[in-house]
Structures are given as C-alpha cells and as structure tokens.
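Novice: Below are the features I grabbed from Swiss-Prot:
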MOD_RES   2  N-acetylalanine
MOD_RES   85  phosphoserine
REGION    136-162  region 'Disordered'
C-alpha cells in the first residue's frame, strides 16, 4: 500500500485527514444512494470532530491507531476506483500515444502548411520561452530556500504582473488568492 510508505514523514494532522478521506471513499462504495451516503458521512464527520481539539498527543495517536484499525476491518472489499486514478482501468492508458512536442520541429514544411494558425502560435510560444527562460529560472531559484524545499509546497506559479511560466504545470502550484 503506497499510502503507508510515507507514513513516518507525515504529521498527525495529515494522517488524520488522509484517513478521513479514505474512509469517505470507502463509505461511498458501501452506500450507493446519495442520501444514505450523506447521512453516514455526517455521522463519520461528527466522530472525527469529537476529538478534533485533543491536546494530549499520546491519546490522539492512540485514537488514530484505533481509527485505522476500525477502517481496516470496515473497508469495502472492492472499492470504487476512478478510471484515471492509480489502479483504475484507464490509468496511464493513453500516455504511450502522446507525442513529445519536439517531434513537431521535424515536420515537413508542407505538413506545417496544413495547420498555419497552430504553427504560427507555436512559434510565438517558442520565442517567448527562449526570451523568458532565464528570468523564470531565476525567479524559481529566488523563491526556493538555499537548502532546497523544506516541505512539499512548491513556489507559486508566478509573481503579480508576470507572464505565466512555461514550466508551471510541472513544478509549481497555483498562485495564492487572498480570501
């Protein structure tokens, strides 16, 4: 089980949140009628909220252990897994058919002429990437602590007024929005 591998490195709060989410997902598999599911989800939420402000960490850890054992005995034998999730029927199914972007550079000009708008826009993006790459790398280095990231949180996607980085979908999270 993948979620147990990172267990020692998670905070107590993260463990509780992940247990709660797993329990809700398995409850969804047990209760197919939405109203019945909602009723039992509210009961489960009340059980979690009952011990939300527990100050004694020994007791909180014991409660978490008991809750994980209860989850183990009550989990659904065949839980619903979303098709594109790991373990789902379509997980990474079409990744083998995705062609890397650099392959488009090798297209013959007659092939590129069939899609003039796309390739004109693509050339603009390539030019923008060449012009802004150094600035984007500098921004990423400025926002990352010297010893590397200390948490899983990544730097924001961009600063106010900057163009969106071209690598945002790989290494960043969305920029914070004030509440």
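Placement of Cβ uses the backbone N, Cα and C atoms for every residue, glycine included.
If you look at the structure here, what lies around each of the features I listed?
Specialist: In this structure, residue 85 (phosphoserine) belongs to neither helix nor strand by DSSP; it is coil. All protein chains included, residue 85 (phosphoserine) registers 11 other Cβ atoms within 10 Å of its own Cβ.
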